[in-house]
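Reading through the structure tokens given below for one structure.
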Amino acid sequence: MENSEGVKIESTVVTEEPLISALDIALFVVIITVAYFWYFKRDKQSSSSEKKPYTIQPSSLSSIEQTSNSSFIKKLKSTGRSLVVFYGSQTGTAEEFAGRIAKEGARYKMKGMVADPEECDMADLVEMKEIQKSLAIFCIATYGEGDPTDNAMDFYEWLQNGDADLEGLNYAVFGLGNKTYEHYNEIAIYIDQRLEELGATRVHEIGLGDDDANIEDDFVSWKEKLWESVCSHYGIEETGEESNIRQYKLVDCSEVLPERIFSGEISRLKSYENQRFPFDVKNPYLSKIAVNRELHKSGDRSCMHIEFDIDGSKMRYDTGDHVAVYPKNSSELVDKIGELLNADLDAVFSLLNTDEESSKKHPFPCPCTYRTALAYYLDITSNPRTHIMKELIEYASDPKDQEKLKLMASSTPEGKKEFHEWILRDNRNIVHILEDLPSVKPDLDHLCELLPRLQCRYYSISSSPKVYPKSIHITAVLVNYTTPTNRVNKGVATNLLAQLIPTNDELPQPTIPIYIRRSQFRLPPKSQTPIIMIGPGTGLAPFRGFIQERDYARKEGREIGEMVLYFGCRKKDEDFIYENELQEYVANGTLTKLHLAFSRDQPEKKYVTHLLEQNADELWNIIGEKSGHLYVCGDARSMAKDVHSIIVKVVMEKGQMTNSQALNYVKKMEQQKRYSADVWS
């Protein structure tokens with residue numbers, strides 16, 4: 001920008017000096033052009049080096065190896081491998097599955113490696129045929145409204161826009177999705193079909209994992225049949241009993257200087273002490289908690305209104321976006337693990353990948369203490385998967401504990417039933433397992449290798465940047481529940497947030513790492529467009545921002561369209577959140593209508609879906625006759641599905657259409673972004 005502005009200024013001066021000849025002008029333009037391109041090239045090189053992501057690399061990695069990181073083909077050839085497993089992962093599950101497949105490849109004489117498509121030149125897939133008995137497997141999650149994960153976006157676009165000849169490429173695909181969402185496994189299905197269209201050979205049929213049911217069971221069942229197909233396709237046999245091979249080796253870091261030890265940072269060492277813009281998933285902003293207040297008026301449940309201070313951060317958000325919060329496990333659970341394993345949690349260690357060619361040198365930021373790893377980097381509250389059961393077997397000294405673990409790790413009907421009942425139904429986490437199987441004493445470094453990464457939690461932003469440019473608001477229900485074993489499980493993020501109460505200005509305010517995730521959940525471009533918002537419970541959150549934005553426009557003198565809100569909760573006097581605000585918006589005309597359903601204030605339960613059915617004329621008037629927009633936020637499993645069915649029914653009846661025509665009408669609304677959903681299961 002500086003260079004281009006300089007050219008503009010200089011050319012203005014020339015036009016004001018008529019005594020300069022045409023030759024002078026031509027020479028001047030040539031000089032400026034050469035200088036501009038020289039500076040542009042230098043700036044481009046400089047900026048590209050500045051934008052290089054921070055990675056933790058071993059000191060032995062040569063510059064030649066670093067420059068060839070994008071060529072997975074070179075790595076396969078140089079290390080005698082024939083199996084590469086790519087993952088498209090937003091929460092880490094697909095990456096975990098990819099690692100398990102690559103590890104099992106050794107049983108079938110297929111040495112494997114895991115690869116992030118974002119870090120690879122995926123055009124190299126055309127060269128896979130040069131490697132004898134090669135196989136590419138894709139563990140791909142579908143994210144949001146049928147979108148690829150962030151790290152698989154470039155690969156997805158390459159498949160869409162390219163026409164590479166993939167003849168000779170052998171492949172298989174496993175998708176990770178959730179049936180409560182409309183676009184179930186859409187990305188995996190597309191990749192599977194597109195690879196075949198480009199000439200690749202499908203070695204095994206696509207697997208579709210459903211996270212709403214039991215995605216672990218889906219994956220294990222598919223994986224077993226996959227290896228049967230692989231053996232048949234390549235004419236190979238399983239080499240024998242599977243052994244537990246460590247992916248990482250323990251490194252003692254007791255002599256490492258304190259300033260080189262990670263203490264909870266996501267990627268860059270000391271990033272919370274030296275904050276650098278821009279802030280994203282690998283570089284979150286350490287935000288102060290400006291407000292933390294209770295929204296429920298009574299009852300034994302809690303709903304928090306929390307405001308994150310972003311003043312001075314240069315962070316910008318739009319109404320409808322999400323904010324990611326990086327949680328921390330409770331010190332009580334962390335200490336419990338140390339106690340059960342008789343481990344020194346303050347010992348400093350590192351886990352180094354035994355595969356020197358892997359781009360992932362550590363499972364989480366290292367070196368750090370075990371306490372830091374268990375608190376900030378590892379998920380110790382979710383239900384462990386079956387492969388962890390298998391790895392724990394060797395650490396069980398009691399034969400009964402060994403047999404129980406072996407059963408749950410097996411793929412037999414009895415084993416699946418035991419895993420489902422003892423782990424999933426009874427909601428046991430790793431702490432509960434170690435408590436209930438007292439002879440199981442795994443090495444803590446091995447446990448740290450096995451446990452998945454602790455993921456950030458996403459919340460719909462419940463404020464408008466027009467009204468609150470220096471803060472981000474969220475609305476969060478405190479998660480606490482009793483399991484069948486009479487243990488109290490607590491939500492990791494909400495229980496941490498509940499403790500972060502701002503104090504007076506004289507004391508340091510509590511902080512937590514956050515970043516903004518963009519969303520397609522947007523108000524119509526024109527403020528005059530009428531909208532209907534359906535958001536029971538905390539589904540109200542993004543609509544609070546919508547209403548604030550339209551209210552801001554009204555106060556500026558702009559015309560705003562009808563705003564109809566459907567809100568529901570249990571009891572009016574207990575959990576009617578933001579009641580005064582909503583009533584004020586009704587009074588000043590910003591909110592045209594407020595339809596309320598209090599499910600437990602009368603003998604028969606009443607929900608927002610009942611109100612929608614009662615107001616079919618109003619619904620059709622806005623979405624049919626006035627081409628308005630409809631928004632849904634909340635539970636995907638039942639509420640959002642019920643709303644969709646009601647919308648189709650109203651379109652049929654009021655629009656005088658057949659069922660097929662109504663479904664197409666609603667589908668077109670979705671394509672035009674006139675029907676948007678921000679839902680979770």
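Yeah, the Cβs are placed from backbone N, Cα and C, and that goes for glycine too.
Now, the feature entries from TrEMBL:
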TRANSMEM  20-39  transmembrane segment
DOMAIN    83-227  domain 'Flavodoxin-like'
BINDING   89-94, 141-144, 176-185, ASP211  FMN binding site
DOMAIN    282-524  domain 'FAD-binding FR-type'
BINDING   ARG301, THR538, SER599, ARG600, LYS605, LYS606, TYR607, VAL608, THR609, ASP642  NADP(+) binding site
BINDING   ARG457, TYR458, TYR459, SER460, THR475, ALA476, VAL477, TYR481, GLY491, VAL492, ALA493, THR494, TRP680  FAD binding site
Candidate with sparsest Cβ neighbourhood (10 Å radius) among SER89, THR475, SER599, the listed binding-site residues: SER599
Closest of ASN178, TYR184, SER599, LYS605, THR609 to TYR459 (FAD binding site), Cα positions, binding-site residues only: ASN178
Distance [Cα-Cα, Å, rounded] between ALA493 (FAD binding site) and ARG301 (NADP(+) binding site): 16
Cα-to-Cα gap, ASN178 (FMN binding site) vs TRP680 (FAD binding site), nearest whole Å: 10
Which same-chain residues, if any, lie at least 6 apart from TYR607 (NADP(+) binding site) yet have Cβ under 8 Å of it: PRO536, GLY568, ALA597, SER599, MET639
ASN178 (FMN binding site) CB neighbourhood, other CB atoms within 10 A: 20
Secondary structure content of the domain 'Flavodoxin-like' (83-227), with strand meaning DSSP E or B: 65 helix, 35 strand, 45 coil
Residues near TYR181 (FMN binding site) in space but at least six apart in sequence (CB under 8 A): THR142, GLU145, ALA636, VAL679, SER681
Least surrounded among the binding-site residues, given as TYR459, TRP680, when other CB atoms within 10 Å are counted: TRP680
Closest of GLY92, ALA141, ARG301, THR609 to GLY491 (FAD binding site), Cα positions, binding-site residues only: ARG301
Candidate nearest SER89 (FMN binding site) in space, where candidates are the binding-site residues ARG301, THR609, TRP680 and distance is Cα-Cα: TRP680
